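Per Swiss-Prot, these features apply:
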BINDING   K22, N23  phosphoenolpyruvate binding site
BINDING   R93, D306, I328  UDP-N-acetyl-alpha-D-glucosamine binding site
MOD_RES   C117  2-(S-cysteinyl)pyruvic acid O-phosphothioketal
ACT_SITE  C117  active site, proton donor
Amino acid sequence: MYKLIIHGGISLNGSVITAGSKNSSLPILFASILANGPITLTNTPHLSDVSTTLRLLMDMGAEFILESDNSLFINGSKLTNLVAQYNLVKTMRASILALGPMLAKYGKAKISLPGGCAIGPRPVNLHLEALENLGATIKVKNGYIYATAKELIGTKIHFKQISVTATENIIMAATLATGITTIYNAAQEPEIVDLVKCLIKMGAIISGAGTSIIIIQGVDELSGVTYSVCPDRIEAGTYLVATAITGGKITIKNVHYQSMHAILEKLLETGADIKTNKNSIILDMKGKRPRAVNIKTSTYPNFPTDMQAQFTALNAIADGYSTITETIFENRFMHIPELSRMGANLVLKGNTVVCKGVKYLTGMPLIATDLRASASLVLAGLVATGTTTIERVYHLDRGYETIEEKLKLLGAQIERVQD
């Protein structure tokens, strides 16, 4: 097991290159099941969730080669094992995304109920009900989903609530269904748009991605392609907040700023100067203490839940009072006790944190609990006086590619050591 050791109080300055999107890579990897040939992905991030997905697909019969230049060759066209075992999916909720493609391509699937971050329930009923509407027969028994379908038939799907992974699962299943599928109340995230772009390149007929209504015309087969994964807007946002919290200046390269409007708007409210170019963002805090900002998470294009914890760390040392309200997931405040131990003035009231900014945080031993909470502890450690150690950094590795190395490029004193 590894831990991070951070000597805080240093202003971050420099530039970093954003990796490919975790939340785009995973569904595209599962989409390889649909293809009749190999897929080559470029800009693939080296993350533990990507590695877990590849191990899962390999266990099913897929073949892959992951290059050091972040390109990935994967052939998932001829699976021999239609079972996603618990030992491979227990750490990653995205494993449910194998269900739609397997049903569409092979007519059956057995998938363990997924694991992942312990940030409250994320029920899979939306996936299962929608697939049943397409014609699948589904049973849940002994922790596994058993699904069969002689044929998937296009229909109208009305999601009761917005779900990114359910939207992705049904899009993929519908690409090989007979007839037209229309998804209402679909998620609109950029990562869904990226998945759809890849599927269209494979031969799918899809319209409406990025809106609340997505229409899929089923086709007979999909082909292998070469595709570049979009940049990770959450990773980019995390480094922007890290720079703002330490009063520095950063250039983020390989980024689509158009997908980050809600994040950039809040950073402007903190007092940061921001300039955007075609594929880069420049943020300059000019040594200032950030101003507190109110946050309320919601579905895209509003403020993303995956940036809530990072802005909580920023508000902890910001000038003024703020509220942070979480509307997407229950129990996504497990970073609050650890930040409070560092000296943050945070009061949790239901799904809202009330924060009075303090001038200083104090470094100390911390324990990471989930992916984004881990990131908030790193940011707090960067601005704290003294030394901070963070245990269980495997949570970070699920969504951040070599985070300590990128922070070192910005001047941070941070190292990864083995216990």
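Each Cβ is built from the backbone N, Cα and C atoms, and glycine gets one as well.
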Task: Pop the Cα-Cα gap between N23 (phosphoenolpyruvate binding site) and I328 (UDP-N-acetyl-alpha-D-glucosamine binding site) into the table, whole Å please.
output: 16
Message: What whole-number value in Å do you get for the largest C-alpha pair distance within R93, D306, I328, the residues recorded as binding UDP-N-acetyl-alpha-D-glucosamine?
response: 16
- prompt: Within 10 Å of the Cβ of D306 (UDP-N-acetyl-alpha-D-glucosamine binding site), how many other Cβ atoms can be counted across all chains shown?
  reply: 24
- request: Output the one of K22, R93 that, of all these binding-site residues, has the highest number of other Cβ atoms within 10 Å of its Cβ.
  value: K22
- request: Taking only the Cα atoms, work out how far R93 (UDP-N-acetyl-alpha-D-glucosamine binding site) lies from N23 (phosphoenolpyruvate binding site), in Å, as a whole number.
  value: 11
Statement: If you measure between the CA atoms of K22 (phosphoenolpyruvate binding site) and D306 (UDP-N-acetyl-alpha-D-glucosamine binding site) and round to the nearest Å, you get 12
Task: Between the Cα atoms of D306 (UDP-N-acetyl-alpha-D-glucosamine binding site) and N23 (phosphoenolpyruvate binding site), find the distance and write it as a whole number of Å.
output: 11
- request: With an 8 Å cut-off on Cβ-Cβ distance and a minimum sequence separation of at least 6, pull the same-chain contacts of N23 (phosphoenolpyruvate binding site), or say none.
  value: V164, E189, E191, D232, I234
Local backbone state of I328 (UDP-N-acetyl-alpha-D-glucosamine binding site), from DSSP in three classes: coil
